[in-house]
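Asks: Reproduced below are the annotations present in TrEMBL:
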| type | residues | note |
| --- | --- | --- |
| DOMAIN | 596-870 | domain 'G-protein coupled receptors family 3 profile' |
| TRANSMEM | 596-616 | transmembrane segment |
| TRANSMEM | 636-656 | transmembrane segment |
| TRANSMEM | 662-681 | transmembrane segment |
| TRANSMEM | 702-729 | transmembrane segment |
| TRANSMEM | 760-781 | transmembrane segment |
| TRANSMEM | 793-815 | transmembrane segment |
| TRANSMEM | 835-857 | transmembrane segment |
Amino acid sequence: MEAQWNPTSYPQSPSVVFLLMATSYTWLLPVASPQRIPTDPQAAPEYAHSIRLDGDIILGGLFPVHSRGDRGTPCGELKKEKGIHRLEAMMFAIDLINKDPELLPNITLGARILDTCSRDTYALEQSLTFVQALIERDGSDVRCANGDPPIFTKPDKIVGVIGAAASSVSIMVANILRLFKIPQVSYASTAPELSDNTRYDFFSRVVPPDSYQAQAMMDIVTAMEWNYVSTLASEGNYGESGVEAFIQISRETGGVCIAQSLKIPREPRPGEFDKIIRRLLETSNARAIIMFANEDDIRRILDAAKRNNQTGHFLWVGSDSWGSKISPVIGQERVAEGAITILPKRASVDAFDRYFRSRSLSNNRRNVWFAEFWEENFNCKLGMHGKRPGSLKKCTGLEKVGRDSSYEQEGKVQFVMDAVYAMAHALHRMHRELCYGYPGLCPRMANNIDGKELLSHIRAVSFNGSAGTPVVFNENGDAPGRYDIFQYQITNRSTAEYRVIGSWTNKLHLKVEAMRWRTGDPSLPASVCSIPCRAGERKKVVKGVPCCWHCERCEGYHYQASEFTCELCPYEMRPDANRTGCVPIPIIKLEWHSPWAIVPVFISMLGIIATSFVIVTFVRYNDTPIVRASGREMSYVLLTGIFLCYAITFLMIATPDVGVCSFRRIFLGLGMCFSYAALLTKTNRIHRIFEQGKKSVTAPRFISPASQLVITFSLISVQLLGVFVWFAVDPPHTVVDYGEQRTQDPTSARGVLKCDISDLSLICSLGYSILLMVTCTVYAIKTRGVPETFNEAKPIGFTMYTTCIIWLAFIPIFFGTSQSAERMYIQTTTLTISLSLSASVSLGMLYMPKVYIILFHPEQNVPKRKRSFKAIVTAATMSGKLTQKGGDRPNGEVKTELCESMETNSDFIN
């Protein structure tokens, strides 16, 4: 009866569905007891691929019990040490934990241990067993032969996995375990890739990654103050990866230069090692040699150095393949003297030795692979169904491990036990938190153990492991790197030995005083070529000596792009303080609190208050003679322009953005355009009236208020049309001008944030208003002879003369400071003050006298007799004649005579 899995029952992760659908469904079959015996004696045991130990909490285990198979078969030969020793270490650790009354009391740990066969794809298929309990199986479409619904055997729920060994296997398995939030603790995977907590967030390990070994060697080199070294590696993954990691770290940290990086071929030719020694001597200053090589290559290199009379020249730094081994240095102690080597901290677990030596076929039935190990270990055959072919002796079952066969504890046994204990301590912490005071598993843990919560407890554990060393994890789930540092020394008694001179546990602890160089010499030898350059200096390599240099400082806007080059920073950036990179040039704008802004803003605020006061006064006394005589409609247009001239100051100082820049374009010339269009219309009207009066008594056309408004707004529309065309051709946007304050000293450079209004665009925007102003001035000059009792010609004339002086002063100041470092401040302040002064002149000369009369002399604000256009022209003519006589009469008589001869008709003229 085959159960059917419904993929839709786990919809949260499409990648899970795809992976599980792509895998055989056979792992969903009901689980049988490991002791089940098949009826067919020739059939393979149904559960020969796994070990199951009952318990309240089940841990998974992944071990390379067999090697990779050949010719497509998944599994090959049995691995006695890396397979059997390690999985027995897991079961031994579980036994110890279950007997410990202090650790997980009243809770039994169980296990489901699988064989990875040292193959990542096979291990992935096997590890799907661990997620069975998390998949909801749908049997609605499945029926047994008799029509009954299927009965599913409830699979074990795995809360955590111990393993795997090979990094490739751990990488593959970690990808699926993380999807189901099952924590994983490895005892042997050391690939640096697994430190990526974003991809392998549920993966932890009790062994340090390989990158720590290269880092430890780099720290040793740095502590020796060597900055010029060569590397030597045996061809292959171990040697080449180790040297690559060392070189990478040297590039990242700096301060160490690689003189040469040589490789020892897998099959060296005769004289190859002598050739390598000669190559190393080409850079004789690089005395320190970083070695990632196997034992045979180490021995042959030392021998070649001895043959070439280089005893004492090279300073050897060996990896863990050298460690504290005697074989590489036998017979060549002098040439190896002073060699520094490293070896991971490890210790033999005596309790495990006693446990494993006591294992036999009768007391170890739980290990389904132990019979196969027995045959392999004692080179015998178990009965007619034994796996080993050939005419071997028959196993008696009385053989003893360590007595009838050689035995040496496998090096990772300590780490397997530490991994199991790490999981147990995490579960203990979790139980204490969720089930405090509850004997055994409480419902909160019995029903569901949250993998993410368990992971947080795993990362937080801290205890002394099986070898007495502390077990902790960093934020990436890595165990701290622990290495012993050795030096090969020859004592005064001419005996050579490895002596511990320090250790490395994420940090180097070196006893320099315990080091010996060249029999009894405690001073540190040198391996340097040139002093490292300081930050912001480039290395100018000495020709023919690749790792020797002179230091040259990067100047101006250049920064140190690499060890050997200075490059120019992008235009919007400048070198940082130490010239090792570029930083954005600070961007400035005119701030409200700047003195350059305070003065224009103060003037504008006074102007806006005064203009608002005039407008309110005129509106309140709208029907009084003085307001009527001023031409109410044109007065309000002129006052609007004056108000806009003051208000533009705030737009010019505001932080530029698209909105502010748009309003700047619109209102920059609009205020002046309103003002001078109104004044031009007034002066033109006055000029036409009196010019027409000289020719006939008929009033000129278009002198009514409505006509004047049409003329004024026609003039204003030209300005608006130009602005809208500008919008269409070049939409407004902000720019940062880095050239305006780009000084010789990069620290003083600043970028200026401003609107995309060039000087030419500014002149074009104001040009039309200036044209109106000049034209209005011309008309003011032409109407200067009109009596002041009839109109505003003279105040308008004074206004325009003063305004022209203001703008004549503005132009040289504005353009004369275009090269100044304070250009932005000066030009903005000059422009805003010029606009405010222009508005103030118009307001003060044209409206303040009227407001004064309205408020303080209301007796003068009375209507006067209206007169015909003919009378007005006659009065103007008489005024001209009386003006000519004015020189022959006392002051004031001309005006008096004129006033007596005719009454003013301001309503008609103005």
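Placement of Cβ uses the backbone N, Cα and C atoms for every residue, glycine included.
Automatic, uncurated: that is what TrEMBL annotation is.
Situate these features within the shown structure.
Replies: For the domain 'G-protein coupled receptors family 3 profile' (596-870), the mean pLDDT of the prediction comes to 79.
Sequence-remote contacts of a segment are chain residues at least 6 beyond its ends whose Cβ falls under 8 Å from one of its Cβ atoms, and for the transmembrane segment (596-616) they are 590, 636, 639, 642-643, 645-647, 649-650, 652-653, 825-826, 828-829, 832-833, 836-837, 839-840, 843, 847-848, 851.
Away from its own ends, the transmembrane segment (702-729) comes close to residues 631-634, 637, 662, 665-666, 669-670, 673-674, 677-678, 680-682, 684-685, 688-689, 761, 764-765, 768-769, 772 of its chain (Cβ-Cβ under 8 Å, at least six residues beyond either end).
Residues 600, 603-604, 607, 610-611, 613-614, 617-618, 621, 624, 626-627, 630, 635, 638-639, 641-643, 645-646, 648-649, 671-672, 675, 679, 792, 795-796, 798-799, 802-803, 806-807 of the same chain, all 6+ positions outside the transmembrane segment (835-857), place their C-beta atoms under 8 angstroms from a C-beta of that stretch.
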